[in-house]
Structures are given as structure tokens and as C-alpha cells.
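Presented below is the structure to which this report refers.
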Amino acid sequence: MPLLDGDLEGSGKHSSRKVDSPFGPGSPSKGFFSRGPQPRPPSPMSAPVRPKTSPGSPKTVFPFSYQESPPRSPRRMSFSGIFRSSSKESSPNSNPATSPGGIRFFSRSRKTSGLSSSPSTPTQVTKQHTFPLESYKHEPERLENRIYASSSPPDTGQRFCPSSFQSPTRPPLASPTHYAPSKAAALAAALGPAEAGMLEKLEFEDEVEDSESGVYMRFMRSHKCYDIVPTSSKLVVFDTTLQVKKAFFALVANGVRAAPLWESKKQSFVGMLTITDFINILHRYYKSPMVQIYELEEHKIETWRELYLQETFKPLVNISPDASLLDAVYSLIKNKIHRLPVIDPISGNALYILTHKRILKFLQLFMSDMPKPAFMKQNLDELGIGTYHNIAFIHPDTPIIKALNIFVERRISALPVVDESGKVVDIYSKFDVINLAAEKTYNNLDITVTQALQHRSQYFEGVVKCNKLEILETIVDRIVRAEVHRLVVANEADSIVGIISLSDILQALILTPAGAKQKETETE
């Protein structure tokens with residue numbers, strides 16, 4: 001019986017509920033009558049049709065008038081229940097168009113349904129629009145199998161091999177590998193600019209625009225600073241009105257080495273308070289163990305900044321979370337700083353503090369997935385990485401105040417401790433100086449380095465050594481695993497030869513291959 005177009009929607013919504021009734025495969029129409037009469041829910045579009053049938057009459061699926069107007073009859077949409085799958089656990093509310101089992105409904109068995117319909121029936125089934133084919137547009141090979149399954153011969157297992165399926169009137173389907181590039185392109189098009197940049201590391205092997213030596217540079221350029229920010233981390237912020245002494249105690253209590261400085265008057269971050277500031281205060285105001293360091297006890301951070309910076313005031317060096325890691329590495333090395341705060345330019349919030357160690361560890365995690373440049377197999381002597389001339393060092397009996405003077409004058413972050421025979425026995429870094437604040441022993445800086453190192457934390461990094469004949473790949477792996485900031489280059493006699501730092505390694509891995517671009521940036 002022809003129905004209005006409005007009934008087409010209503011019948012489609014309830015077709016899955018009707019077809020799941022138990023019925024024999026040889027009598028499709030009888031199975032629908034076994035449910036008993038069910039009045040249709042009222043709808044504005046089906047109102048003109050309702051007077052033609054009584055509310056208690058069953059809904060006939062295959063009336064004889066079906067042949068008179070096949071394009072207008074929505075009852076052929078109930079064929080989805082006749083072609084039953086092998087599973088009997090399908091829910092009445094399940095939608096074959098979206099479930100994986102719906103793909104097999106029309107490719108299972110036309111013989112088991114027991115239909116004796118006219119030759120035009122299969123054509124009409126393929127034209128029905130109950131199931132939106134748009135949901136399969138990401139899998140074209142399965143879509144073709146879905147369309148021609150109703151007019152294909154009985155199931156021969158070809159649905160599991162889309163590439164072998166052939167239609168008498170259509171060419172064979174393409175192999176699934178044919179669609180792999182289109183899927184990757186569709187994925188890249190669907191992602192935003194930030195996420196699309198993350199996919200660049202997967203295409204390193206196909207890039208021919210640059211040499212293989214620039215693979216790490218391209219990796220850092222394709223990742224943003226936000227990618228390296230951990231899910232959970234601690235960030236301590238100091239107001240410039242806080243006393244210097246309390247600020248350093250807070251660094252020790254929270255186990256951090258630096259903190260951004262917030263100035264309430266400007267409502268912005270104006271600088272960083274690091275262990276270097278603590279060393280500079282001790283170096284500048286320490287007189288003797290008998291004289292208290294008044295400036296450390298009473299000065300506020302803003303007072304110290306005014307006295308120390310004076311005419312050398314510089315704005316805070318920071319970076320946006322949307323900037324590339326290549327820009328972060330370049331900013332760290334160019335400005336000769338060890339900590340780079342990541343500040344959101346919109347909200348003004350500080351998100352994280354980038355360091356050489358964090359960046360190199362991030363890069364090392366993905367090194368195994370990237371092509372290995374040739375220079376990774378070269379040793380330190382061939383590459384010339386590190387400092388091998390005029391190495392600053394101290395002895396075990398060197399006073400702390402002298403070590404602090406070397407830190408300030410040479411602008412270095414660590415001093416190897418060498419015994420009388422020339423062997424490296426320990427290392428005294430800037431981070432060890434903060435223990436003076438923890439122990440409240442900064443009033444007596446005449447004690448020896450050995451005495452000061454006795455109070456060192458149990459998490460001491462230790463002296464990690466290497467030699468000049470080790471390749472760069474080994475050096476990177478060792479410094480990342482040891483979680484240290486530098487390696488002492490020693491010879492066979494365990495005597496100091498040089499120092500290789502994190503900045504030296506990042507320079508060799510990232511900036512040296514990108515030297516031409518960095519020089520252009522410097523000139524600008």
C-alpha cells in the first residue's frame with residue numbers, strides 16, 4: 001500500500017523492532033504477524049494515511065500492491081530483518097547502519113531468507129536509504145562490498161577479501177593499501193595545525209628536502225613547547241616583595257632550583273630567582289664568619305634586583321607554549337641561560353620551566369623512531385664537542401668562598417674536584433650551594449668543599465665520566481639515563497681532559513645542522 005513520504009521516516013525508526021521477532025526462514029511475512037497488531041505512534045506526517053487502515057490491523061509487509069508502486073513503498077525497508085545474521089543476540093534497538101555486524105547483514109545469505117520475490121527486488125533493496133552510507137566513507141573498500149552484496153551470488157567468503165571481489169559490471173576493488181595515503185591525508189586534514197605538526201615526525205624518512213643530519217632539527221621544529229610540559233608538575237612563584245632569605249628557604253623546601261618572579265605593580269612576571277642569585281649574594285656580601293650577611297637576612301627580592309641589576313637590567317626571557325622546541329633551544333643557548341619559563345601570552349600564566357635536561361630527554365625518547373644521522377656514530381674527538389682548554393677545577397681542601405668566586409668569575413655551573421694525583425674524585429656544582437641555605441651554614445663559607453659535600457643530599461647525581469673516543473650516541477644515552485647536567489671527559493689515568501655539557505650536546509644535535517638558518521636569524 002503506498003504511503004506518504006512522512007511515513008517513510010516513521011517506518012524506518014521502528015523497522016528494527018519489528019524484524020527481530022522469531023520467525024521461520026521460509027515465511028517472512030508470517031513472522032511479522034506473529035507480533036500481533038501494534039498501533040503506530042501518532043505523527044503529523046502519517047495522519048493522512050491513518051484513515052485508510054484501522055488502528056488494530058497488522059502492518060502488512062508484502063501486500064500485492066507492492067508491485068504497483070515500488071519506489072513509494074517503505075515496507076521494503078524491513079528487508080534488513082529478513083536477512084538475519086548468525087547472531088541471535090542483536091538488540092531490538094541496535095542500528096545495523098552503525099554496528100559492525102550491519103556490514104554482514106546483506107552479505108550473509110539470501111538463500112536462507114527463503115524469499116521468492118520478483119527479479120526487481122534486489123535492485124530495490126540496493127536503492128533503499130534506511131541505512132546512511134555516508135558512515136562508511138572512510139572505508140571505501142567495505143562500502144563497495146556493502147552495496148553489491150545484495151545483488152552478488154551467495155556468500156562465498158569474499159566479504160573478508162574486498163580486494164578479490166569482482167562485479168560483472170564493475171572493475172575489481174582496489175587493494176586496501178591503495179587507500180592508506182588517502183587515510184593519512186584525511187587524518188592530517190582533520191587535525192588542527194598543532195596536531196598536524198605532530199605527524200611530521202612520521203614522515204622523516206620520506207623527506208628529501210634536507211640532509212639526514214637535520215632530522216633532529218626538523219623534529220624539534222615540528223613540536224611545540226606545550227608538548228613537553230608534563231601532565232603534573234610543581235611550579236613555585238615568588239612575589240618580589242618576599243624576603244630573599246625566605247625565598248631561598250622555599251626553594252629548598254619545595255625541591256626546585258628556580259622560580260618566576262611576579263611583580264604586583266606591573267601585574268606580570270619580571271624575572272627568575274635561581275641558585276645563581278643566591279651565589280651572587282654570598283659572593284658580594286660575605287665578609288667573614290663573624291659578620292652576619294644583613295643583605296641576605298633583610299633584603300627583599302625587589303631590593304636585591306635593584307642593587308644587583310642596576311644598569312644591566314634585562315627583560316625576562318620567556319617563550320610561548322605555541323613556539324617550537326627549536327626556538328626554545330636556540331633561546332636557551334643564545335641567551336646563555338639554563339631555565340626558560342613557558343608563559344601563556346593570553347592569560348599571562350606561567351606553565352612550566354624548560355631546561356636543557358628536559359628537552360634532551362624528550363628528544364632521546366623518539367630517537368629510536370627516527371633515522372640516525374651519520375654524526376651520531378662519530379666520537380667526541382672527531383666532532384670536537386665540549387670544552388678541553390682552560391678547564392676550571394678545585395681541590396678537596398678548597399674553601400667554599402673560593403669556589404663561589406670561580407662560579408661568578410668564570411660563569412660556569414660546576415667545578416670538578418681533583419685530588420693531588422690529578423684524578424677526578426668529585427664535582428661541586430651550583431646546586432650543591434643551596435645546601436648552605438638548607439643547613440643554614442651560609443654564614444661560614446671558609447669551610448672546605450669536602451666538608452660541605454658531606455651534607456649533600458642522598459640524591460646526588462655523582463661524577464659521570466666518558467672519554468673522547470666514545471661516540472655521540474653513547475654520550476647522549478649516558479647523560480640522559482644518569483640525569484646529570486654534564487659529563488667529565490677523562491683519560492685512561494682518570495685525569496680530567498674536558499667537560500661536555502647539555503648545551504654542548506644540544507648544540508651539536510640541533511643547532512649545528514641548522515647553522516645556516518640560525519645565522520640568518522641572528523642577522524635579523
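Yeah, the Cβs are placed from backbone N, Cα and C, and that goes for glycine too.
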Select one of K334, K336, K357: the residue that Swiss-Prot places in the AMP 2 site alongside R257, S429, K430, F431, D432, R456, H485, R486. K357
Which one of H299, H338 goes with T387, A392, S413, A414, H485, S501, L502, S503, D504 at the AMP 3 site, as Swiss-Prot has it? H338
Range annotated motif 'AMPK pseudosubstrate' in Swiss-Prot (choices 215-236, 325-346) is 325-346
Write down the Cα-Cα distance for R257 (AMP 2 binding site) and D277 (ATP 1 binding site), rounded and given in Å. 11
Inter-residue C-alpha distance, V317 (AMP 1 binding site) and H338 (ATP 1 binding site) (nearest angstrom): 11
Helix, strand or coil for D277 (ATP 1 binding site)? Use DSSP. helix
So how many other Cβ atoms are close to R486 (AMP 2 binding site), meaning within 10 Å of its Cβ? 25
Give me the count of other Cβ atoms within 10 A of the Cβ belonging to R456 (AMP 2 binding site). 15
Where does F431 (AMP 2 binding site) sit by DSSP, helix, strand or coil? helix
Near F431 (AMP 2 binding site) in space, meaning Cα within 10 angstroms, which of the binding-site residues do we find among L273, I275, T276, R339? I275, T276
